[in-house]
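Student: Submitted below is the structure of interest, expressed as structure tokens.
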Amino acid sequence: MGSGRVPGLCLLVLLVHARAAQYSKAAQDVDECVEGTDNCHIDAICQNTPRSYKCICKSGYTGDGKHCKDVDECEREDNAGCVHDCVNIPGNYRCTCYDGFHLAHDGHNCLDVDECAEGNGGCQQSCVNMMGSYECHCREGFFLSDNQHTCIQRPEEGMNCMNKNHGCAHICRETPKGGIACECRPGFELTKNQRDCKLTCNYGNGGCQHTCDDTEQGPRCGCHIKFVLHTDGKTCIETCAVNNGGCDSKCHDAATGVHCTCPVGFMLQPDRKTCKDIDECRLNNGGCDHICRNTVGSFECSCKKGYKLLINERNCQDIDECSFDRTCDHICVNTPGSFQCLCHRGYLLYGITHCGDVDECSINRGGCRFGCINTPGSYQCTCPAGQGRLHWNGKDCTEPLKCQGSPGASKAMLSCNRSGKKDTCALTCPSRARFLPESENGFTVSCGTPSPRAAPARAGHNGNSTNSNHCHEAAVLSIKQRASFKIKDAKCRLHLRNKGKTEEAGRITGPGGAPCSECQVTFIHLKCDSSRKGKGRRARTPPGKEVTRLTLELEAEVRAEETTASCGLPCLRQRMERRLKGSLKMLRKSINQDRFLLRLAGLDYELAHKPGLVAGERAEPMESCRPGQHRAGTKCVSCPQGTYYHGQTEQCVPCPAGTFQEREGQLSCDLCPGSDAHGPLGATNVTTCAGQCPPGQHSVDGFKPCQPCPRGTYQPEAGRTLCFPCGGGLTTKHEGAISFQDCDTKVQCSPGHYYNTSIHRCIRCAMGSYQPDFRQNFCSRCPGNTSTDFDGSTSVAQCKNRQCGGELGEFTGYIESPNYPGNYPAGVECIWNINPPPKRKILIVVPEIFLPSEDECGDVLVMRKNSSPSSITTYETCQTYERPIAFTARSRKLWINFKTSEANSARGFQIPYVTYDEDYEQLVEDIVRDGRLYASENHQEILKDKKLIKAFFEVLAHPQNYFKYTEKHKEMLPKSFIKLLRSKVSSFLRPYK
């Protein structure tokens, strides 16, 4: 992997021009070879050189080039390798064979011709092939005629040649005297008995394959150099010394000749010489789970993308990308062969793995009636002065109070009773209870609705709200009381009260003995905090004892309609303050007597726990989950939305009909507005409560009975008190419209545009926003800090993070294109710097890189010593490479620049690096330059796997710990990879072993 660019190209061009100027005369050099003005021999080659030429004799000739003489190869001791005759020709030679032989494929050996194979050798009856020749034979009762091919029937009588008993081995001649004389065929000699014939070397080379010598006993066969005589005394056997015996692979000399064998992964062919690769993938896919790739002499299993090969190098296992660091910003869901990133509520996915805050306010003000404030992961609607409070749906504003308070608001009940000398108090919270465990030693509980608070600058002298709700100021007085209590030898832990201790809390009795109907309070905030008593001389309790502090804040209201002629608002206020103080006094006693209860979802909870004080009390197991959580396997998990924690069963229970819970880990559910105990079980937010007006309808409070949105308006949400106008005088085709798309616009806007109701035209979405749908009146702002490359974007996928560059870590880190693994933005420039500690150098692995290859290098990644174009360049590319590469930096520090054009985009890169001790530079260089590191697909996958590359980096950064690492990672790395590293590390660290 690398660039086609040549570092220092400009320098090279300058050198070429300088040399051209210096040798301007040489630049006009004459090519004597082309013009024919050379004096080379006809059997020589002319080679032009600067300002001259040289002559070289052709192959097969010898001399100085100006005089060349043919080399007679046949004069060599081995006859040029020819086993029979060698014929010298100009510049070469050729081998020929005797009659009865033909030249072998190697051009040197001679093999017997089987004359009988073609036309029976011309024999009338039978043909017998012999080395270098053949003979015709006749059946019984016949003898061979003088032409040595036809057969003549023998007569029964007579002493002439026609008689079968004439005794001649070859030819019988009748003499003039009536006798017979025997003769031999050409190449044979008559023996002393004048009847038999003796073979000579003149016939069929004496039956010898190579050389033949005549002796008294007959021909004696011999073999050419590097051949041996067979046990038959005629045939010459090849040896492994000659052309490896003709074997493709291994050759073994045997009594019957050469014996060829093939290595593992190859099969010997029928010619007993050639080896052919076995395609293991043809049988059962080679045993591979996914992909089998045949290689020369072997095969290799590989896995589909998203899977990794196990150490048995056959089976594939899904890669759990979610186990890697930095895979997803929020939630990672592993899937077979892949993964999926999800974002928390209020965030949107971009760049495949990243989450950015959604600016809900950019989408028609988030649906708010008036103001909208974006917050991380959410947003908040606001009501301006004079428009009342925020509606329960969180978007509309209620009408200003008409001096009768807010009877529908959630109330908390604080009730106390006295039985003898014992005071028992209970805090009952029917709705809007919030439980928040702050730590192992504390929690907070809030109940009810706090009174609206004014901004500090506008607070009244008594601290009450002086906001725009003037009627609330006049009609309702908010009274606040705060108290702090201390419980010794107890620890903050909300736990269910034992049945034997339960006593019903009655109503508090006022100073005059009358029932206290004002024990309802609008809001209570309770905080429990446990800490250990510090050691000291003044400590009244033994060191290490638990001390629990309870902090209680109460809010109550006094209403104008409760005034009488004898007691106005100030009088009512004083009464309420006295009653609250009396309640707090009884509350303090009940706390000291361990008789203060928190009543949620029909269950009584104690706030602090004094272990071992009550006989028979069940000890809580140390491993139990805290309230608001349930056990899932070995972990404690918060109760999800739509459920609440039931203290008696210690389980998460779905919210009953008519209630909802949008928070996790709560002890009760909130009542739906106007609840009639109808609705789904397990409702997760107020919008799922029953009886709400559906989209396209509205009502005064958002509940039935509802009215359809008038023509010219629409409402996309449920439970709303109003409908939004189309704007610009536009109308709708029908009542009950649920979207701006139902408005009759003058033009139909396509994705990437929004309809401007002022000028009735389609406007392109500005940069940094997008619109995927038709006929909309808004563009959504890109999530988080992302933006688009151009205006008119149609998808959130076109939103990209442009942040990149910076100073990188001294030991390890990543060089990552902006928005990775999503496509990087156009027209961006990133600069990174790596400056290792002293005596450390940089190793970089490029697993893969994706840059557009058709834009003529508009997008470039370069790594060099510093920003100067003439500094030492380590790496430069403008192309896509999916094959990994590892290399060491050519300089001690690196300046890295990534620059993109305005037109193109691609996936980019995530390039890891590590710094290593320069004492191991030779070893690291040896490893990364070894082609075997990249030859196998499985080795390449190691350089792409985030976990395995980390293990590889550990070896390179600390080679002395190699053997410890291999034991740790041997279950992760292929054996071939470990073998490669082991040989190099061992030879470097233990050179003499």
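If you go along the chain as it appears here, the first residue is 1 and each next one adds 1.
Including glycine, each Cβ sits where the backbone N, Cα and C put it.
Below, the features straight out of Swiss-Prot:
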- CYS57-CYS68: disulfide bond (DISULFID)
- CYS116-CYS127: disulfide bond (DISULFID)
- CYS161-CYS172: disulfide bond (DISULFID)
- CYS184-CYS197: disulfide bond (DISULFID)
- CYS201-CYS212: disulfide bond (DISULFID)
- CYS208-CYS221: disulfide bond (DISULFID)
- CYS223-CYS236: disulfide bond (DISULFID)
- CYS281-CYS292: disulfide bond (DISULFID)
- CYS368-CYS381: disulfide bond (DISULFID)
- CYS383-CYS397: disulfide bond (DISULFID)
- CYS804-CYS830: disulfide bond (DISULFID)
- CYS857-CYS878: disulfide bond (DISULFID)
- 29-69: domain 'EGF-like 1' (DOMAIN)
- 70-111: domain 'EGF-like 2' (DOMAIN)
- 112-148: domain 'EGF-like 3' (DOMAIN)
- 157-198: domain 'EGF-like 4' (DOMAIN)
- 199-237: domain 'EGF-like 5' (DOMAIN)
- 238-276: domain 'EGF-like 6' (DOMAIN)
- 277-317: domain 'EGF-like 7' (DOMAIN)
- 318-356: domain 'EGF-like 8' (DOMAIN)
- 357-398: domain 'EGF-like 9' (DOMAIN)
- 804-916: domain 'CUB' (DOMAIN)
- ASN417: N-linked glycosylation site (CARBOHYD)
- ASN464: N-linked glycosylation site (CARBOHYD)
- ASN685: N-linked glycosylation site (CARBOHYD)
- ASN756: N-linked glycosylation site (CARBOHYD)
- ASN785: N-linked glycosylation site (CARBOHYD)
- 1-20: signal peptide (SIGNAL)
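Any idea what these are sitting next to in the structure?
Tutor: Long-range Cβ proximity for CYS57 (disulfide bond), meaning a same-chain Cβ under 8 A and a gap of 6 or more residues, is found for HIS41, ASP43, ALA44, ILE45, GLY63, ASP64, GLY65, CYS68.
Contacts of CYS127 (disulfide bond) defined by a Cβ separation under 8 A and a same-chain sequence distance of 6+ are given as GLU115, CYS116, ASN120, GLY121, TYR134, GLU135, CYS136, HIS137, in order along the sequence.
Taking the Cβ of CYS161 (disulfide bond) as centre and 10 Å as the limit, one finds 21 other Cβ atoms among all the protein chains shown. Secondary structure from DSSP puts CYS161 (disulfide bond) in coil.
Under the three-state DSSP scheme, CYS197 (disulfide bond) falls in the strand class.
CYS212 (disulfide bond) counts 24 other C-beta atoms within 10 Å of its own C-beta, drawing on all protein chains shown.
The DSSP secondary structure for CYS221 (disulfide bond) is strand.
Counting every protein chain shown, the number of other Cβ atoms lying within 10 Å of the Cβ of CYS236 (disulfide bond) is 24. According to DSSP, CYS236 (disulfide bond) sits within a strand segment.
Around CYS292 (disulfide bond), taking its Cβ as the centre, 20 other Cβ atoms fall within 10 Å, counting all chains.
Every protein chain considered, the tally of other Cβ atoms within 10 Å of the Cβ of CYS368 (disulfide bond) stands at 21.
When other Cβ atoms within 10 Å of the Cβ of CYS397 (disulfide bond) are tallied across all protein chains shown, the result is 21.
Long-range C-beta contacts of CYS804 (disulfide bond), restricted to its own chain and to partners at least six residues apart, with a cutoff below 8 Å, comprise GLU816, SER817, PRO818, VAL828, CYS830, TRP832, PHE898.
When secondary structure is read from DSSP and collapsed to three states, CYS857 (disulfide bond) falls in the coil class.
For the domain 'EGF-like 1' (29-69), the DSSP counts in helix, strand and coil order read 4 helix, 17 strand, 20 coil.
If you look at the domain 'EGF-like 2' (70-111), the same-chain residues 6 or more away from its ends with a CB under 8 A from one of its CBs are 43, 58-62, 131-134, 204-205, 209-211, 223-225, 227, 236, 238, 243, 246.
Residue counts of the domain 'EGF-like 3' (112-148) by helix, strand and coil are 7 helix, 14 strand, 16 coil (DSSP-based).
Counting residues 6+ beyond its ends, the domain 'EGF-like 4' (157-198) has Cβ neighbours under 8 Å at 133, 141, 143-144, 146, 148, 204, 218 in the same chain.
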Student: According to DSSP, which of helix, strand or coil covers CYS184 (disulfide bond)?
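Tutor: The residue in question, CYS184 (disulfide bond), is coil (DSSP, three-state).
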Student: Rank the glycosylation sites ASN417, ASN785 by the number of other Cβ atoms within 10 Å of each Cβ and report the first-ranked residue.
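Tutor: Highest number of other Cβ atoms within 10 Å: ASN417.
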Student: Hey, which bits of the same chain come close to the domain 'EGF-like 6' (238-276), Cβ under 8 Å, at least six residues off its ends?
Tutor: 106, 109, 226-228, 230-231, 296-299
Student: Got a sec? Which of these disulfide-bonded residues, CYS172, CYS857, has the most Cβ atoms within 10 Å?
Tutor: CYS172
Student: Restricting the comparison to the disulfide-bonded residues CYS197, CYS201, CYS381, which residue's C-alpha is spatially nearest the C-alpha of CYS208 (disulfide bond)?
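Tutor: Of the disulfide-bonded residues CYS197, CYS201, CYS381, CYS201 has its Cα closest to that of CYS208 (disulfide bond).
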Student: Considering Cα atoms only, can you say which of CYS197, CYS223, CYS368, ASN756 is the nearest neighbour of CYS857 (disulfide bond) among these recorded positions?
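Tutor: Result: the closest of the recorded positions to CYS857 (disulfide bond) is ASN756.
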Student: Mind checking which residues of the chain, 6+ beyond the ends of the domain 'EGF-like 5' (199-237), have their Cβ under 8 Å from one of its Cβ atoms?
Tutor: 78-79, 81-84, 98-101, 109-112, 130-134, 185-189, 255-258
Student: I need the nearest neighbour of ASN417 (N-linked glycosylation site) among the disulfide-bonded residues CYS161, CYS197, CYS381, using C-alpha distances.
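Tutor: Result: the closest of the disulfide-bonded residues to ASN417 (N-linked glycosylation site) is CYS381.
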